[in-house]
Amino acid sequence: MATILPSPPKVGMVSLGCPKALVDSERILTKLRSDGYQLSADYDEADVVLVNTCGFLDSAKEESLAAIGEAIAENGRVIVTGCMGREAELIRERFPDVLAISGPHQYEEVVGAVHVAAPIPPSAYLNLVPESGLKLTPRHYSYLKISEGCNHRCSFCIIPSIRGDLVSRRPDAILREAEKLVAAGTRELLVISQDTSAYGVDLRHAAWPWKGAEVRAHMTDLARELGKLGAWVRLHYVYPYPHVDRVIPLMAEGLVLPYLDIPFQHAAPSVLKAMKRPANEAKVLERIRGWREICPDIAIRSTFVVGFPGETEADFDYLLQWLDEARLDRVGAFRFEPVQGAAANDLPGAVPEELKEERYARLMERTAAISAAKLQAKVGKTLDVIVDLADGAGGATGRSKADAPEIDGEVHLRDAMVQPGDIVTVLIEEADDHDLYGVPVQ
Ligand code: SF4
């Protein structure tokens with residue numbers, strides 16, 4: 001006689017915030033799926049909805065509260081987790097019906113809350129999860145989180161008070177996860193953390209056995225081992241500590257992508273000091289020159305804050321001149337926004353909103369011109385491109401080694417019979433301020 005198994009409960013997920021929060025969501029979903037839950041793409045079908053929130057900026061908090069409100073209105077059975085979980089009273093005040101609230105990385109709490117809200121029937125299916133876990137990114141690229149928290153105390157940032165001091169993962173655990181991802185089809189590993197160059201400081205850079213040898217909990221060792229897995233390896237959130245110089249030869253050798261994402265935030269010494277950033281901008285320019293000598297193709301992306309309290313016109317001009325010299329490949333900018341609980345809110349010299357807007361526009365105009373000139377210099381060259389989207393009729397979009405997903409430019413392809421995840425050699429035919437256009441060559 002056939003046995004009819006009861007349907008397992010369904011869980012919906014709304015994931016907000018940065019790639020680190022996305023990785024948290026992936027871990028939670030992976031655990032829930034391995035526990036036997038089904039996932040639901042819409043509110044109607046879900047037995048319970050998880051909202052993974054972001055609390056970095058006040059605008060992000062508003063977005064998180066709006067997402068919780070929508071989930072309550074559409075489904076009614078809502079569990080909240082993530083950075084905003086630290087402000088449980090505020091959430092409860094606005095949404096008294098929320099079932100449970102937990103903070104960032106509290107995986108056990110959030111999974112436990114789902115088990116209480118929607119218990120699994122005793123005979124539900126198990127082992128439904130691929131070895132590499134469940135992913136919210138396309139199959140061909142994956143974020144790889146190497147640590148949590150941060151030991152810095154930048155005055156505009158509340159991440160350390162939300163996520164705590166640096167806690168690094170063991171290098172062997174990271175490498176095992178990376179191997180599984182590559183075996184499951186990942187062709188690009190995006191290394192993320194709050195401070196990638198500080199990786200392993202809390203572990204005193206101890207070594208663990210790995211493949212008959214040892215690997216230290218250190219950025220350079222980890223980058224070298226990741227580079228041996230055969231996927232593109234892209235390093236994000238790197239601070240220019242001296243040992244970063246030792247990663248550049250790995251880029252020149254082709255083990256790691258020639259790409260560094262370094263959030264400089266400003267260049268003027270007085271602003272950096274007020275931001276409590278550990279950086280000396282004069283030396284940084286020298287270092288960038290040195291990196292380009294070793295690895296001429298290196299692409300450097302960065303983010304900057306304009307209108308920080310006390311930023312004078314002279315400071316801002318200094319930043320523009322610094323950018324003219326540094327000639328970074330990709331630049332993102334933010335207008336300073338006070339974050340509840342950040343030390344910077346109490347600094348004197350608030351910059352009026354119109355002035356912030358004006359400086360933002362000037363910075364973007366200046367950096368777009370640099371980006372356009374750098375991209376124009378690629379016309380006529382061939383570049384390796386990883387395909388993200390293909391329409392099946394010859395049109396496709398991908399990224400070169402200089403472009404991270406979501407934040408950098410794209411390469412638009414014509415006459416390309418390709419699939420997402422393919423890596424093809426492309427002749428660059430045209431460029432604009434941010435993107436390239438080309439055709440695959442044999
Ligand atoms: S380095 Fe500074 S901005 Fe980045 S997470 Fe740490 S404290 Fe925040």
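Backbone N, Cα and C atoms are what each Cβ position is placed from, and that goes for glycine too.
The domain 'MTTase N-terminal' annotation in TrEMBL covers 9-119.
Cys18 ([4Fe-4S] cluster 1 binding site) falls outside any helix or strand according to DSSP and counts as coil. The [4Fe-4S] cluster 1 binding site feature in TrEMBL is assigned to Cys18, Cys54, Cys83.
Per TrEMBL, domain 'Radical SAM core' is recorded for 136-373.
Sequence annotations record features per position, and here TrEMBL assigns [4Fe-4S] cluster 2 binding site to Cys150, Cys154, Cys157. Its Cβ placed at the centre, Cys157 ([4Fe-4S] cluster 2 binding site) has 21 other Cβ atoms within 10 Å.
What TrEMBL records for 376-442 is domain 'TRAM'. According to DSSP, the secondary structure content of the domain 'TRAM' (376-442) in residues is 1 helix, 31 strand, 35 coil.
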Most Cβ neighbours within 10 Å, among the binding-site residues Cys18, Cys54, Cys83, Cys150, Cys154, goes to Cys83
The binding-site residues listed are Cys150, Cys154, Cys157; by CA-CA distance, the one closest to Cys54 ([4Fe-4S] cluster 1 binding site) is Cys157
Summed over the domain 'MTTase N-terminal' (9-119), the DSSP helix, strand and coil counts are 56 helix, 22 strand, 33 coil
Sorting the binding-site residues Cys18, Cys54, Cys83, Cys150, Cys154, Cys157 by sequence and keeping only those with a Cβ under 6 Å from ligand 1 gives Cys150, Cys154, Cys157
Here the Cα-Cα span from Cys157 ([4Fe-4S] cluster 2 binding site) to Cys83 ([4Fe-4S] cluster 1 binding site), rounded to a whole number of angstrom, reaches 13
